[in-house]
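Peer 1: Input: one structure, supplied below.
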Amino acid sequence: MWELRSASFWRAIFAEFFATLFYVFFGLGASLRWAPGPLHVLQVALAFGLALATLVQTVGHISGAHVNPAVTFAFLVGSQMSLLRAFCYMAAQLLGAVAGAAVLYSVTPPAFRGNLALNTLHAGVSVGQATTVEIFLTLQFVLCIFATYDKRRNGHLGSVALAVGFSLSLGHLFGVYYTGAGMNPARSFAPAILTRNFTNHWVYWVGPIIGGGLGSLLYDFLLFPRLKSVSERLSILKGARPSDSNGQPEGTGEPVELKTQAL
């Protein structure tokens, strides 16, 4: 439990709360309908992508800028963070998302709040199809995060923040038409709890969690395996001090190297 006595640990928890609040505030805000007509999907995709890119640049060196329970779960599956840190990250993300949605609700005129950009299935899309789409959307997103955050790479291609932001935008450009592009249980949970509408809400948890877990397994055990023993992985999950294990937990509050050259 040494992490609970660490100031950097609590700064990372606050960073996740703060970052998720802003992510939800700007992302949902850009998804509201202020005029009649179809939703501008490109606007929504860019808003979420740019919001995340900005936050990766802002708090990536503090908490890793997960801003997403599915991403945190992926790092947990890859034995890159402790169970305690993962639980605290997820709690902070959910609280931050609700706080961000609540602020957006309070500053938006009632006539334009609508369902607060609640994720819903498109007409004709079954829950099975929707879950599969969410799995694939989150899978590509987590793979991008793992690849860009990986300190073992000899060289990074372009900006980490922009790469992650573009990956998220890609998911929205495709997923909005099917599920509204959840990809993040905290983002889906916030408007659901404020509007008290949990219809098919489980899809936005099951899909991203499965996608995140698969992305972690695929990258860490197949594409670019991490050579850690079972004892080392268990040590990290239990929250052993970095000096007590041969491998430093990555992506869990460790500084993210943010390259700035153009993509």
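From the backbone N, Cα and C atoms, a Cβ is placed for every residue, glycine too.
TrEMBL annotations: computationally assigned, not manually curated.
Relevant sequence annotations retrieved from TrEMBL are reproduced here:
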{"type": "REGION", "residues": "240-263", "note": "region 'Disordered'"}
{"type": "TRANSMEM", "residues": "12-35", "note": "transmembrane segment"}
{"type": "TRANSMEM", "residues": "41-62", "note": "transmembrane segment"}
{"type": "TRANSMEM", "residues": "83-107", "note": "transmembrane segment"}
{"type": "TRANSMEM", "residues": "127-148", "note": "transmembrane segment"}
{"type": "TRANSMEM", "residues": "160-182", "note": "transmembrane segment"}
{"type": "TRANSMEM", "residues": "202-224", "note": "transmembrane segment"}
Peer 1: With pairs fewer than 6 apart in sequence excluded, do the transmembrane segment (41-62) and the transmembrane segment (202-224) have three or more C-beta pairs that lie under 8 Å?
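Peer 2: They are not in contact.
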Peer 1: Which of 41-62, 83-107, 160-182 has the most Cβ pairs closer than 8 Å to the transmembrane segment (127-148)?
Peer 2: 160-182
Peer 1: When you check the transmembrane segment (12-35) against the transmembrane segment (83-107), do you get at least 3 Cβ pairs under 8 Å, counting only pairs 6 or more apart in sequence?
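Peer 2: Stretch pair touches.
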